[in-house]
Amino acid sequence: MKRGFLIVLSGPSGCGKGTVADELFRRNDDIVFSVSATTREARPGEVDGKSYFFLSEEEFLKKVENDEFLEYASVHGHYYGTPKDFITKKIEEGEIVLLDIDVQGALQIKQKMKEVVFIFLVPPSMSELKRRLVGRATESEKDLELRIANGFKEISFVEEYDFFVVNDYLEDAVRDIEAIIKAEKHRAKRFKYIKDRVLGENK
C-alpha cells in the first residue's frame with residue numbers, strides 16, 4: 001500500500017500561502033487540507049472548522065496539556081497548533097496532507113516526523129511583501145510592523161526547508177509546487193511491497 005505524506009508550506013505573513021493553498025486544493029482532488037487550531041480572531045470569510053479551529057486561550061492550553069497537538073507555537077501574539085490525530089490517520093490512508101504553518105511549527109515537525117516535504121514560499125521582494133500586507137488591510141499598524149519584522153526573521157530559515165518557491169505569479173508558484181508533489185509521489189520508499197509486486201511473477 002502506498003503511504004501518504006505531509007507537505008509543510010511556510011513563508012512570511014503576506015507571501016500568499018493561503019491563496020496558493022486554495023488553488024492547489026481547487027486543482028488537485030488528492031490533496032487534503034489540515035485544519036490548524038488558533039486563538040486569534042477569525043478574519044472576514046473564515047469559517048470555524050474549515051479555515052481554522054478557533055479556540056479561546058484556555059481551550060488551546062488544555063489541548064496542549066493533553067498532548068493533542070503535533071506542534072504548537074505563539075505567533076504574532078496568538079497560539080497556533082496542529083491537531084495530531086487527523087494528520088497521522090490521513091497519512092496511513094495514503095493521503096497527501098497540506099499544512100500551512102509558520103517556521104516555529106515547521107521546525108518542531110521536522111524533529112518529530114519523517115514523511116514530510118518542507119516547502120518555503122517566498123515573496124519576490126520584501127517591498128512587495130509589505131505592499132501585499134498593506135493592501136490586505138486586516139491588521140493594525142502595530143500588527144503590520146510586527147508581521148514585517150517577523151518576515152525578515154522567517155526568511156532566514158529558508159535553508160532548513162527541502163524546497164523554496166517564489167510566489168511572484170500565482171500560476172507559476174502553483175505549478176512549481178505541483179511538480180514537487182508529483183516527484184514525491186514516486187519516491188520508492190512510499191510504496192510497500194513494490195519489489196514483490198513487480199518481481200513476483202518471476203519467482
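Cβ atoms are placed via backbone N, Cα and C, with glycine included.
Pulled from TrEMBL, these are the features on record:
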BINDING   GLY11, PRO12, SER13, GLY14, CYS15, GLY16, LYS17, GLY18  ATP binding site
DOMAIN    4-182  domain 'Guanylate kinase-like'
For a quick check of packing: other C-beta atoms within 10 Å of the C-beta of SER13 (ATP binding site), how many?
21
Identify which of the binding-site residues PRO12, GLY14, GLY16 has its Cβ surrounded by the largest number of other Cβ atoms within 10 Å, counting every protein chain shown.
PRO12
I'd like to know the mean pLDDT over the domain 'Guanylate kinase-like' (4-182).
89
Quick one, of the binding-site residues GLY11, GLY18, which Cβ has the fewest other Cβ within 10 Å?
GLY18
Under a criterion of Cβ-Cβ distance under 8 Å and sequence separation of at least 6, what residues of the same chain contact CYS15 (ATP binding site)?
LEU121, VAL122, PRO123, LEU129, ARG132, GLY151, ASN167
In chain order, residues whose C-beta lies under 8 angstroms from the C-beta of LYS17 (ATP binding site), counting only those at least six residues away in the same chain, are LEU9, SER10, GLY11, ASP100, LEU121
An 8 Å radius from the center of the GLY11, PRO12, SER13, GLY14, CYS15, GLY16, LYS17, GLY18 Cβ atoms defines the neighbourhood of the ATP site; name the other residues of that chain inside it, in order.
LEU121, PRO123, LEU129, ARG132, ASN167
